[in-house]
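Novice: My questions will all concern the structure given below.
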Amino acid sequence: QRISWAPLLVVGYLFYLLLGASVFQLLEKQAESHFRDHFQLEKLRFLQNYSCLDRQALEQFVQVLLEAWEKGVNPEGNSTNPSNWDFSNSFFFAGTVVTTIGYGNLSPSTVAGQTFCVFYALFGVPLNLAFLNQLGKGLNCHLITLERWLQKPGRAQVQLATFLITGTLLFLVFPPLVFSYVEGWSYGEGFYFTFITLSTIGFGDYVVGTNPNKHYIPVYRSLTAIWIVFGLAWLALVFNVGADMMEKFLQLKWHKSNLSLAEGATIKLEDEPEQPRIHIP
């Protein structure tokens, strides 16, 4: 009887989450504590330098800053900063809605905008999935289908390797160079933003075109949105290949394990001496 590999997948999935939680806690908790202590120290120094303020007034001002940030207003700079809702930025925001990236640094603040966003996403997300599906087929039609690659080794593997290498260069390697130059990020930060965006994780800690001290060309964020769409289609294919390979690997392992158990049981039965039969008259 064949054993299902699903329990192994569940255990592996939970183990992967526990491993990630442990590593993130190890790497980030101490740094967070350091930043928190540093922030409290800076507040004390500020109150000492400006004795006319009390702690309550400072806390109220900090709350104002937080509310401004939540509404998409950058506290840095002045009132002459470009609008977050010009056409280029609105186009970029619409792209983050239908692709479910959702950076979180900008969101509608009016009831009408929030209501429209709900219905816009309701129809836009399925439309985006259908579009990405067709785009993925277009990217893949001249290379190889996933099923054919999994069944026929040889030349197809070379085509897939070419597809992966070309896509990696176009969507993961070269874009961070552009973002590093335009945004002033390090290459590592640009690469981090690139992958977090194309995987639709979208933390929102790094977002293009939001630095008030920089002057961007009007179509910068719109071009970024187009890059995101094609990058999403490519990375979705890569994830599908990885998921399919992982499922087949798990199924193969379980199948081999079941065959080994069956063969072992057969050998054991063959090795056992035949027991004498007692005939009762």
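Here the Cβ of each residue, glycine as well, is placed from N, Cα and C on the backbone.
Because TrEMBL annotations are produced automatically, they should be read as predictions rather than curated entries.
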Novice: Between 116-136, 158-178, I'd like to know which one TrEMBL lists as transmembrane segment.
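Specialist: That would be 158-178, per the transmembrane segment entry in TrEMBL.
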Novice: For the domain 'Potassium channel' (169-247), give the DSSP counts of helix residues, strand residues and coil residues.
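Specialist: The counts are 55 helix, 0 strand, 24 coil.
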